[in-house]
Amino acid sequence: MAVAALRPRALLWQALALGVVAGVIAVFSINAAHHLAARHIATGFGFLSAAAPIPIGESLISYTPSVSTYGRALLIGVLNTLKVAIPGCLLATLLGTLVGIARLSPIALLARLAALYVELLRDLPLLLQLLFWYGVFQTLPAPRQAMRPLPGVFLSNRGLRIPDLVWQPGFTGVAFALLGGIALSFFLARRTALAPGLAVRLGAFLPVLLLPAATLALYRPAFRVDWPALHGFNFQGGASLSPEYAALLTGLVLYTTSYVAEIVRGGLAAVARGQWEAGAALGLPRGAVLRLIVLPQALRLIIPPLTSQYLNLVKNSSLAVAIGYQDLVSIADTTLNQTGQAIEGVALIMAVYLSISLTISLAMNFYNARLARQAG
């Protein structure tokens, strides 16, 4: 009876709270509309179809200043943000896992170096690290004296220039063969996980190489390699990564790696010591115990805080404006300054970051729920 009596009261308080929030939003909206009208500032998103005189130096799609629209310019900003966020999350996960495992290494020197890395980068502001890496890339030699760490790879103050793959019509067959090889390799890897001998376990990954190679032999013109070469004072051909992009990606990855490493270390340390000992009693090497027994159990503890780090990396990418990389925030800021559509511009920024964050959260929550079902 008491619970039933409290329910209408709780609903009443919720309705009142909702009414107050709606009233505040209405007051702010009316006030903003009044001041915008007094200053003869148009409202709405019609400006997205107007020509944008914004020079954009780095774009994944075609763009011509004063011809392309503001909507296309903002789309380029979204793509440039994703161009940093997606590889940033992947690289931070890979490096963070390695550093986190190194922190638990029985080799004292390796564990202390990993701990030093984590403590140093976590205690330095991210903006300071981005400015540092931007300065590092700016001090690299000119294109004529560019560093060549690998054949066809040039590192200079113009950025990183690497060979580019130009896909031909036969690429479709190679792509399907690669996907099939990956699927077959995962299947074989699970079947041979406990098989004795390193050669047997490594052999499970041969389909990833053999299937695309066989398809490439049948469809030889699947792609061609566009090699960069120095012509005059700059490079031509290949794919280029600007100094701004390289500095942003490097800073974000190294900074986020320090947090991911602590998450991985904490997850692995939370697994009972007896699991390590049980795996060793079965005759498994330490790496196999980690991969087959400990890490699967630790994933349930790692995934939730790891999701937060992915979200932080995406939001931290907005600091790109400090080093001149034209991401969504940078292009949207220029757009609202040119058009005066500040409210709409900020709303678009919020909508894009909210959409990316919700997508990441949904994907990671789905994966975490799947792990929970598998654990029984």
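Glycine is no exception: its Cβ is also placed from the backbone N, Cα and C atoms.
According to TrEMBL, the protein has these features:
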type	residues	note
DOMAIN	78-364	domain 'ABC transmembrane type-1'
TRANSMEM	12-33	transmembrane segment
TRANSMEM	45-64	transmembrane segment
TRANSMEM	84-102	transmembrane segment
TRANSMEM	165-189	transmembrane segment
TRANSMEM	198-219	transmembrane segment
TRANSMEM	346-367	transmembrane segment
| Which residues, given as numbers and ranges, are at least 6 beyond the ends of the transmembrane segment (12-33) yet have a Cβ under 8 Å from it? | 43, 343
| Long-range neighbours of the transmembrane segment (45-64), counting only residues six or more past its ends (CB under 8 A) | 70-76, 79-80, 83, 242, 244-245, 325-326, 331, 334-335, 338-339, 341, 344
